[in-house]
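Undergrad: Got a structure for you, questions after.
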Amino acid sequence: MATSEMNLETLENLGATENCKSKLHTEPPTKHKNWLLTCINCAIVFCGVIGSPLLLRLYFLHGGDRKWLSSWIQTAGFPVLILPLIFLYIRSELFASRNNDHVSSFFMEQKLFLSSAAIGFLYGVVNFMYALGLSYIPVSTSSILCATQLCFSAFFAWLIVKQKFTAFIINAIVIMTLGSVLLGINSNGDRPVGVSKAQYLIGFVMTLGSAALSGLIMPMIEIAFSKATRSITYSSLLQFQITLAISANALNIIGVLINKDFQAIHREANEYELGKTKYYIILFFTAFTFQLMTMGVLGVILYTSALFNGIFTSVLIPFTQVAAVIFYHEKFTGLKGMALALCLWGFCSYFYGEYKMLQKVVDRETPEKYYKAKK
């Protein structure tokens, strides 16, 4: 992470405007660096998106029942980011002293700080809705419902960041959203044992609501990045994440204190089916994977767009589905199979559209470069 900081200084937000995309195609070295970092962040999102719901569901399956605690734990792992942030700060100060630079550019600017704090409050609401939903519905159902975030992300991206749509993008959004809606046709078919119809409905609605609110948050993060007056380095990205987590925690900690969840942790650990030690291990790794996922999502939005993040997250549904079937023996119905197929179809449609756009830009710019070189 530290060795790539200097490269990050020169990278621009690819998803904020069409002008940024034009620069991408006219500067091949920058494009290569951006796509490399995009792939790295996508790999981080891959691990977080698959691991976090499995661990959180594991908490509920074996005796965990604290909704506010499970919501708080999704952002409680931010202290793991402090150590790399301290390292980056020391590195930044040493670099500044070598270059006789008395103005530190390590800390993120004030408006980015305020944006992260405001978005963090909404993120705390999303965490609670998601945790409540996952306590009543299977991971496989929850993951596909979360794919509806793509539809909301697309709408808010158009409304907030003026995202331009092609026929391929529209096709991807419609198909992937349709795949998620298919789950509502037979909602009782995968209702867990011990969960009433009313509880299942609450879980269904809460998960859908968290997806909708997440669809609003992602473009808000993108616009916050695009409005920054300085280049966003990896250190400022970590500061943004920490501020977001603290703001979300401020909301969730109120519910935790009112519900007396902290006092109940010791009792719940003693009664946990997998044992006290595994109880604490599950909480720790749940907190860690959620931080990992958030870090990757912020990176993906920074180097591409909120819309791309929504599409990439949606395409991870098949992997989450398979993991849920393997580890928790959840039912894999025909409707779920159809939903997954539609999600994959939409993902391929999106990337084919991006490929066609890239080819058009390259074909248009190649003659111009040729004549310039000839002169």
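Cβ atoms here come from the backbone N, Cα and C positions, even for glycine.
No curator has checked TrEMBL annotations; they are predicted automatically.
According to TrEMBL, the protein carries these features:
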TRANSMEM  35-60  transmembrane segment
TRANSMEM  72-92  transmembrane segment
TRANSMEM  112-132  transmembrane segment
TRANSMEM  144-161  transmembrane segment
TRANSMEM  167-186  transmembrane segment
TRANSMEM  198-218  transmembrane segment
TRANSMEM  238-258  transmembrane segment
TRANSMEM  279-301  transmembrane segment
TRANSMEM  307-328  transmembrane segment
Undergrad: Can you find at least 3 Cβ pairs under 8 Å between the transmembrane segment (238-258) and the transmembrane segment (112-132), where each pair is 6 or more residues apart in sequence?
TA: yes
Undergrad: Which sequence positions outside the transmembrane segment (112-132), separated from its termini by at least 6 residues, show Cβ-Cβ distances below 8 Å to it?
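TA: Distant contacts of the transmembrane segment (112-132): 56, 67-68, 70-72, 74-75, 142, 146, 202-203, 206-207, 209-210, 213-214, 216-217, 220-221, 224-225, 227-228, 232, 236, 239-241, 243-252, 255.
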Undergrad: Could you tell me whether the transmembrane segment (307-328) and the transmembrane segment (144-161) have 3+ CB pairs under 8 A, leaving out pairs under 6 positions apart?
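TA: They do touch: at least three Cβ pairs between the two stretches lie under 8 Å.
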Undergrad: Which of 35-60, 72-92, 198-218, 279-301 shares the most C-beta pairs under 8 angstroms with the transmembrane segment (307-328)?
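TA: Ranked by Cβ pairs under 8 Å, first place goes to 35-60.
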Undergrad: Counting only residues 6+ away from its ends, which parts of the chain sit with a Cβ under 8 Å from the transmembrane segment (35-60)?
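TA: Those are 4, 7-8, 11, 14, 70, 73-74, 131, 134-135, 138-139, 142-143, 282-283, 285-286, 289-290, 292-297, 299-300, 303-304, 309, 312-313, 316, 319-320, 323-324, 327-328, in sequence order.
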Undergrad: Taking residues 6+ outside the transmembrane segment (279-301), which of them lie with a CB under 8 Å of any CB in it?
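TA: Those are 15, 37-38, 40-49, 51-52, 55-56, 58-59, 64, 70, 73-78, 80-81, 218, 221-222, 225, 237-238, 240-241, 244-245, 268-269, 272, 308-309, 312-313, in sequence order.
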